[in-house]
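What follows is a single structure, written as structure tokens, with notes after it.
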């Protein structure tokens, strides 16, 4: 990371000189129309060049943002659609490097999330923000929003941010970890179905090498006393059951999760289970974890590959 990279990041988040000098009634009018959810007035304003030139300008109290961010924050779908129709930048950043999609996800506005994704919003959010829409949805248990993000290409595994120092390497904090710790089993399962790595929620060996002592999902789930369903899912999706080191104190406890892990260590995987792992792993490596439905095999086998049997 050099000074030029840092300067570029801060320049992206600073308002233009024109924005600073012209906190005009035009910008206030646009924001007021969005705040009032008055899509008709907003549309009429944006048909005039004196207003449209400020469609991507950041303004407002608190966290200055664009009108599109404001619409996403309040869940004002009709205003959001009007702004997009008039050419608003779908991935515009506020001063915290958050995109309108990130804001919509944070506030739980599923309809706005769908429209933004269909308009081409990056499902991963901004590379300059250490959080992401997927992390937020997994933490909040917003399974429908998480489904939309993953269906539009969001990454289920942890990836290094740009620049490198923007990545949190002090601890494991991928979406699988958050879903487990916050008790969102549906999100946990959904992430695994979309190719999340069941060991570290990360396939980037370079990134893992920078973590002093990476902890596996199995370790985290046992440490936080997660329900046995989490342990079973990790085992079923191919987690390395020998990675967690279990002390004698733990193995002597009457814990269902530990019992499942010990049972898995003592019982070889069935051939059918191993085939499922190989097929799913091959699809993930090809970047098409959801292509199972396209396989020319009996429906019952498709259901098995999707962990529905």
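Cβ coordinates come from backbone N, Cα and C, glycine included.
Features reported for this protein in Swiss-Prot:
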REPEAT    63-92  repeat 'ANK 1'
REPEAT    96-125  repeat 'ANK 2'
REPEAT    129-158  repeat 'ANK 3'
REPEAT    171-200  repeat 'ANK 4'
REPEAT    213-243  repeat 'ANK 5'
DOMAIN    268-308  domain 'SOCS box'
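Averaged over the domain 'SOCS box' (268-308), the predicted model has a pLDDT of 88. Long-range neighbours of the repeat 'ANK 4' (171-200) within the same chain, counting only residues 6 or more positions beyond its ends whose Cβ lies under 8 Å from a Cβ of the stretch, are 134-135, 137-143, 146-147, 150, 156-158, 208, 211, 214-218, 220-221, 224, 226-227, 229-230, 233-234, 237-240, 243, 280, 283-284, 289-290, 306-307. Beyond the ends of the repeat 'ANK 2' (96-125), by six or more residues, the same chain brings 9, 12-13, 63, 65-66, 68-69, 71-75, 77, 80-81, 84, 90, 131-134, 136-137, 140, 142, 144-145, 148-150, 152-155, 159 to within a C-beta distance below 8 angstroms of the stretch. With DSSP classes pooled into helix, strand and coil, the tally for the repeat 'ANK 1' (63-92) is 17 helix, 1 strand, 12 coil.
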